[in-house]
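Peer 1: Among the features that TrEMBL reports, transmembrane segment is placed at 39-59, 71-95, 101-121, 216-234, 246-269, 281-300, 306-330.
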């Protein structure tokens, strides 16, 4: 192209008025370049929200306890549950690496729970101390009660070394009574399991109810050290690939199981207090959001996931929804009902319902159900049982 023609074209381009689209397209890159950093993406924001959510949800609880100078209404079992589950997730990462965002969340969770535990122990009310907790019936006492409902004498535990005699006694029952006997034994096991998660009752070895605060830190240090060292030894040092994968599955399932039981102690405390004092709404919201994210990840993001993972996740979500119902009831409805004339609280705790089912006497005994004379068990018979510890 000749020089005069080229100069004319260039001059025309310079004098030509740009269109609106050209103006925006030339401006937006400058916005991205000079005002929005390249690293500030939606993925970066989402990852950090997931990682540091525990700081907001549990940090607000720390502030609330410090302000009120009491941990009444908050279960320190939450600290145990979240720290044990997070330590298991961290060790699981050493075997099967997952999203670094979730690993960072687990580390942040451990740190904030340490702060929350320290604050809760500092302001732990007298009601939560071990010597003020209620005794729970021993398993042997519950089994003895059930045994006396079906047999005229003896104790079920006396047949520990005589299994054949125990079988012969059970054979004297009809199929209906034998099924009821098994049902009540299962209920007794469920009752003991639920009572273990009730902070108002004494536990075996006073687990997580210790009077000495240093015991909590020793337990966490020993548990974390042994867990991490065992995982590193098997997966990295000895390089046992197959065994490491098996161990990883066990650790992953155990971590989800422990975390799924998180709401149980809080459910018991809310029922006992019949108040939401000390329980923050943001904590409940974070639990429900966490459940949603976890299930979404299991459905859309994870591969080759066991059905147990889904069961634990949905079980935890159902418990969190139950707490949401408790929150609404005790905040908006219970105070009004309590103030009404003649109102009586008829709510029944789950463990009390299970216990009533265990102690419910067997009616309409058939002569063929027993080898000897029938023993008429009356509801008042339960006075023989005294609360015992393990």
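Glycine too: its Cβ is placed from the backbone N, Cα and C atoms.
Just so you know, TrEMBL annotations are computer predictions that nobody has curated.
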Peer 1: Please work out whether the transmembrane segment (71-95) lies in contact with the transmembrane segment (101-121), by counting C-beta pairs under 8 angstroms that are 6 or more apart in sequence and asking whether there are at least 3.
Peer 2: yes
Peer 1: Using a threshold of three or more Cβ pairs below 8 Å, and leaving out pairs closer than 6 in sequence, do the transmembrane segment (39-59) and the transmembrane segment (281-300) count as in contact?
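Peer 2: Between the transmembrane segment (281-300) and the transmembrane segment (39-59), contact is present.
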Peer 1: Report, as numbers and ranges, every residue of the chain located at least six residues beyond the transmembrane segment (306-330) whose Cβ falls under 8 Å of a Cβ in that stretch; write 'none' if there are none.
Peer 2: 249, 252-253, 256-257, 259-264, 266-267, 270-271, 274-276, 279, 281, 284, 287-288, 291-292, 294-295, 298
